[in-house]
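These features come from Swiss-Prot:
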type	residues	note
ZN_FING	12-46	zinc finger
BINDING	C18, C22, C34, C37	Zn(2+) 1 binding site
ZN_FING	93-139	zinc finger
BINDING	C99, C102, C120, H123	Zn(2+) 2 binding site
Amino acid sequence: MAPGNEMQARNGGGAAMCAAGCGFFGSAATDGLCSKCYKQQQPQPRHLIGTAAGDSDKTSLKVVADLSTLVIKDNSGVGGEGTTVMAPPATVTKAKNRCKACRKKVGLLGFPCRCGGMFCGAHACAFDYKAAGREAIARHNPLVVAPKINKI
């Protein structure tokens, strides 16, 4: 047997070479092409063509540089068209990972306080939340004193 015949016998006898002539075997599912030639033949999406060719400057989207204010038209007014200018959203603060008292990095061992600070194991918040809670309850619930009843 010739070496070419052995390959055909192992592959089922019906394996054909790539129609593009690259030397690999093609399949009926890819129109007689190998996988590499089939991928090259398929049309690429437009957003991938520009980046593959190096023309990213031409296909890049136009970005608005100034996003400091948003203008929204308000058509609810009877007299005329008004505009409302809204401020940009507040900046996002990073997660606090240092002790508020000693500025030592606490990582996962730190514990947050209701005041918004982070503390290490050696320090704690100086604010007395128990006393503040007692004062708030006393302020919102005044003491009601009933007058004494006269005995008959």
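Counting begins at 1 with the first residue displayed.
Any Cβ shown, glycine's included, is placed from N, Cα and C.
Note that the coordinates shown come from a computational prediction; the quantities given were computed from them, not determined experimentally.
Known features from Swiss-Prot, placed on the structure.
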residue : record                : Cβ contacts under 8 Å, 6 or more apart
C18     : Zn(2+) 1 binding site : F24, F25, G26, G32, L33, C34, C37
C22     : Zn(2+) 1 binding site : C34, K36, C37
C99     : Zn(2+) 2 binding site : V106, G110, M118, F119, C120, A122, H123
C102    : Zn(2+) 2 binding site : C120, A122, H123
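Excluding C99, C102, C120, H123 themselves, the residues of that chain whose CB lies within 8 A of the CB mean position for the Zn(2+) 2 site are, in sequence, R98, K100, A101, R103, K104, V106, G110, F119, G121, A122. Following the DSSP three-state reduction, the secondary structure of C37 (Zn(2+) 1 binding site) is helix. The Cβ centroid of C18, C22, C34, C37 marks the Zn(2+) 1 site; residues of that chain outside this set whose Cβ lies within 8 Å of it are M17, A19, A20, G21, G23, F24, G26, L33, S35, K36, Y38, given in sequence order. When other Cβ atoms within 10 Å of the Cβ of C37 (Zn(2+) 1 binding site) are tallied across all protein chains shown, the result is 19.
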